[in-house]
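*Asks:* Below are the features I grabbed from TrEMBL:
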type     : residues : note
SIGNAL   : 1-18     : signal peptide
TRANSMEM : 33-55    : transmembrane segment
TRANSMEM : 86-106   : transmembrane segment
TRANSMEM : 118-140  : transmembrane segment
TRANSMEM : 152-172  : transmembrane segment
TRANSMEM : 193-217  : transmembrane segment
TRANSMEM : 223-244  : transmembrane segment
TRANSMEM : 256-275  : transmembrane segment
Amino acid sequence: CLTFQLACCCGTAACALCCKCCPKIKQSTSTRFMYALYFILVTIICCVMMSTTVANEMKMHIPFYKQMCKSIQAGEMCEKLVGYSAVYKVCFGMACFFFLFFLFTIKINSSKSCRAYIHNGFWLVKLILLAAMCSGAFFIPDQDTFLNAWRYVGATGGFLFISIQLILLVEFAHKWNKNWTAGANHKQMWNGLLALVTLILYSVAVAALVLMALFYTRSAGCMYNKVLIGVNGGLCLFVSLVAVSPCVQNRQPHSGLLQSGVISCYVMYLTFSALSSKPPETILDENNQNITICVPEFSQGLHRDENLVTGLGTTILFGCILYS
């Protein structure tokens with residue numbers, strides 16, 4: 001019985017062995033699902049580490065919190081286990097894990113090879129390995145140098161991932177537009193739905209543009225924010241005009257405003273992310289007191305805009321991963 005349970009956790013047919021009621025799925029599909037599950041699990045842990053609410057609740061409700069933090073050498077109040085630095089370390093361990101299996105699976109041509117069996121199974125062992133790599137990152141010597149170097153790696157990876165997200169979104173919108181256009185040949189209802197969705201997407205993009213101009217700019221100052229909002233809004237208008245231009249329509253008959261509407265909403269999200277991450281500006285008011293400008297008044301000291309960006313970014317991230 002113990003051997004059977006170990007095979008269930010570590011073998012290639014875990015779902016089939018443990019859940020007889022589950023429908024049969026391809027081995028490649030289950031493998032992609034498990035790797036995506038690992039990624040989502042680590043991402044959730046990173047979100048918890050970034051939450052100040054969770055950190056404060058741990059301090060208040062865990063007995064002997066200070067003693068525990070000192071015993072595991074995580075700082076007086078476990079500051080090494082929360083915040084940006086902790087997320088960098090956990091993501092470094094996860095990146096090493098996936099890069100290791102990227103190298104391990106190069107030139108695998110058959111699912112019956114020895115490496116393919118390891119790639120498609122042994123999930124408990126892989127989970128332990130992933131946990132060990134993420135935990136081991138906290139014991140890297142010279143943490144300051146590591147974090148400074150890893151920030152550049154993270155910025156480069158973030159740029160590449162945003163580019164991949166754009167490609168995935170364009171492909172998704174293209175298939176969406178193609179399917180609904182094909183349905184319009186049989187029922188005109190699909191044309192109405194296509195126009196409605198396109199209108200909603202552009203309404204969201206325009207509303208986001210107006211709200212960012214309202215909350216992140218003012219008549220005097222905030223020049224950087226004004227330029228960023230104006231340039232990105234102009235680029236969205238340019239992309240929309242290109243999508244319906246005759247030369248594009250001749251080469252891509254299924255191109256239309258739906259694709260540009262999806263991309264416009266995504267660009268507005270990226271603009272919102274940039275504005276919320278930018279350090280606020282301070283000026284002297286008429287009473288010679290420092291006041292903060294170029295940030296929403298309702299979010300000062302509460303980080304509500306940053307929390308919203310994190311939620312939207314995580315949702316888009318999971319959606320793109322599941323779609324890919």
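Any Cβ shown, glycine's included, is placed from N, Cα and C.
In TrEMBL, annotation is done automatically, which means it is predicted and not curated.
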*Asks:* Under 8 Å, at least three CB pairs between the transmembrane segment (152-172) and the transmembrane segment (256-275) (pairs 6 or more apart)?
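*Replies:* Touching, yes - the transmembrane segment (152-172) and the transmembrane segment (256-275) meet the threshold of 3 or more Cβ pairs under 8 Å.
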*Asks:* Sort out for me which stretch, of 86-106, 193-217, 223-244, 256-275, has the most Cβ pairs below 8 angstroms to the transmembrane segment (33-55).
*Replies:* 86-106
*Asks:* Are there residues at least 6 beyond the ends of the transmembrane segment (256-275) whose Cβ is under 8 Å from a Cβ of it, and what are they?
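*Replies:* Contacts of the transmembrane segment (256-275) (Cβ under 8 Å, skipping residues fewer than 6 from its ends): 162, 165-166, 169-170, 172-174, 176-177, 181, 194, 197-198, 201-202, 204-205, 208-209, 212, 216, 225, 228-229, 232, 235-236, 239-240, 242-244, 305, 308-309, 312-313, 316.
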